[in-house]
Amino acid sequence: MASREDRDAANARVIQLQQQVERLEEEVASLRRRLAESPRGSRSLEERLAAAQATIAGLTSQNERLVATLKEARDQIVALREEVDRLAQPPSGYGIFLGRHEDGTVDVFTGGRKLRVTVSPSVDVDSLRKGQEVMLNEALNVVRAMSFERQGEVVMFKELLDGDRALVIAHADEERVVMLADSLADTPLRVGDSLLIEPRSGFAYERIPKAEVEELVLEEVPDVDYSKIGGLSAQIEQIRDAIELPYLYPELFKEHKLRPPKGVLLYGPPGCGKTLIAKAVANSLAKKVAEVTGKPEGKSFFLNIKGPELLNKYVGETERHIRLVFQRAREKASGGWPVIVFFDEMDSIFRTRGSGVSSDVENTIVPQLLSEIDGVEGLENVIVIGASNREDMIDPAILRPGRLDVKIKIERPDAEAARDIFSKYITPDLPLHPDDLAEHGGSREATVQAMIQHAVERMYAETEENRFLEVTYANGDKEVLYFKDFNSGAMIQNIVDRAKKMAIKDFLETGQKGLRIQHLMAACYDEFKENEDLPNTTNPDDWARISGKKGERIVYIRTLISGKQGTEAGRSIDTIANTGQYL
């Protein structure tokens with residue numbers, strides 16, 4: 001019995017053990033399966049982790065963009081709110097500051113009314129200047145300081161009444177009293193000055209330069225010096241004695257009780273250097289000023305008056321312009337600097353009074369100039385220089401001693417003077433033709449001298465080809481005039497320019513560079529040929545005065561110039577009333 005129970009217990013135990021073995025085998029199999037499947041799971045987890053990290057990065061970037069967008073939107077809202085507030089503000093007005101008071105208030109002129117208002121703490125009351133523009137808020141209080149007015153009407157200053165008031169002349173000779181703004185506090189005012197005023201406030205703000213005078217004068221000192229003028233050494237010495245000596249040695253003139261000359265007249269045929277000398281005088285004076293004052297750069301003023309532009313159809317305007325010109329000269333001379341007032345073509349505006357050869361406007365213009373020149377007597381450093389090729393037409397009262405004291409005739413150049421003038425334009429540094437250089441041993445100086453000598457001989461030779469005019473005098477005498485009798489510095493310069501142009505054209509055609517003697521010879525011929533017709537249809541008397549031929553009255557003129565082959569016959573010149581071109 002016991003053994004059966006033992007067997008049953010043993011069988012049960014075996015079954016139990018078998019079941020445990022089966023479970024263990026299943027567990028081992030499960031573990032084996034799980035062990036086999038574990039690499040695939042780890043890869044999947046890694047992939048899921050990477051995807052999660054990418055999603056996190058995208059969300060972070062999106063979050064940053066949203067934050068920036070929100071900030072930008074917030075800034076735009078703030079700016080729009082400020083813009084709305086600014087547009088909703090009432091308009092600001094402007095006024096003119098008149099003065100301040102001890103209690104901190106100020107007077108302003110606005111809208112045609114004079115008001116006493118307060119000033120914003122942001123504005124320094126002490127910095128406000130009389131006549132200055134200020135900004136006003138809605139309550140008409142000063143909130144900002146502006147600049148001075150820059151537009152208005154132009155009037156003429158007549159008289160200074162006291163420290164801050166002036167009497168001015170407006171349109172139609174209307175007189176008005178205005179206040180002077182602080183912008184004019186340090187500006188010296190002279191009678192005739194143009195002032196800018198604001199008519200509503202009654203303030204004068206600025207002195208306006210006289211444009212009408214600026215158009216008539218040229219203040220720049222020319223760069224022409226005496227070294228650039230040829231053939232006029234005697235005339236240059238005369239004008240230097242007349243102008244430079246009184247300025248450089250005033251004590252010697254005072255010691256000898258010698259009054260410096262007030263003016264100089266340069267007269268002579270056209271193109272002989274009158275204007276050139278006047279320019280050189282101003283340049284030389286500037287250098288002398290530098291030597292006297294010890295300054296590196298001297299200063300002188302050259303008022304070149306454009307004579308015909310002085311004339312005006314309105315009565316009294318020309319005289320007023322002359323007064324303004326001399327007023328300018330006095331202003332410049334008051335600083336101790338020499339001033340030259342140069343009237344070119346003086347006969348065009350200061351003709352003899354009562355001559356009947358013009359509209360007789362000179363009946364008032366000449367006396368105005370005379371009074372101005374006499375007014376220069378008590379004023380130092382002002383010199384009047386006139387230039388004319390018709391000195392016989394200038395009013396004698398201008399030419400008398402005490403006005404234009406020194407009269408210098410600028411003659412036509414003779415052969416020696418022509419060499420000097422040629423040397424100013426033909427220099428060794430010019431391109432010279434190799435053949436011409438070879439003829440003179442390669443010396444550039446010798447070649448240039450030979451060119452000048454050939455040109456002068458060609459111009460001044462009394463040969464058949466150089467005959468120009470035959471003049472008949474009132475007494476029946478006849479005289480043959482050659483081209484040399486009509487030579488001038490301007491003609492010499494023109495001849496040299498023609499020769500240089502020929503040299504350039506030859507270089508472009510042949511490739512050989514350089515100026516040649518034959519270029520100068522051809523230029524002389526072309527210049528003479530070009531002047532053949534210049535004296536036609538000219539009244540002989542007028543022509544003689546212009547050309548510098550004085551003496552017996554000329555009644556008949558005949559041209560003698562011949563063609564290149566010498567076959568062209570001479571022509572007579574008609575004597576008619578109308579004037580034409582002058583040589």
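Yeah, the Cβs are placed from backbone N, Cα and C, and that goes for glycine too.
Worth saying up front: this structure is predicted, and the values here are computed from it rather than measured.
Annotated features in Swiss-Prot:
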BINDING   G271, C272, G273, K274, T275, L276  ATP binding site
COILED    2-90  coiled coil
Query raised in the report: Hey, of the binding-site residues listed (C272, L276), which one tops the CB count within 10 A?
Result: C272
Report summary line: Residues sitting within 8 A of the centre of the G271, C272, G273, K274, T275, L276 CB atoms (ATP site), not counting those, run L266, G268, P270, I277, A387, I410, S488, G489, A490
Report task. Would you mind listing, in sequence order, the residues at least six apart from G271 (ATP binding site) in the same chain with a Cβ closer than 8 Å to its Cβ? Result -> S488, G489, A490, M491
Query raised in the report: If you skip the near sequence neighbours and keep only those at least six away, which residues in the chain come within under 8 angstroms of T275 (ATP binding site), Cβ to Cβ?
Result: D344, A387
Report task. State the count of C-beta atoms found within 10 angstroms of the C-beta of G273 (ATP binding site), not counting that atom itself. Result -> 26
Report summary line: Across the coiled coil (2-90) the predicted model averages a pLDDT of 79
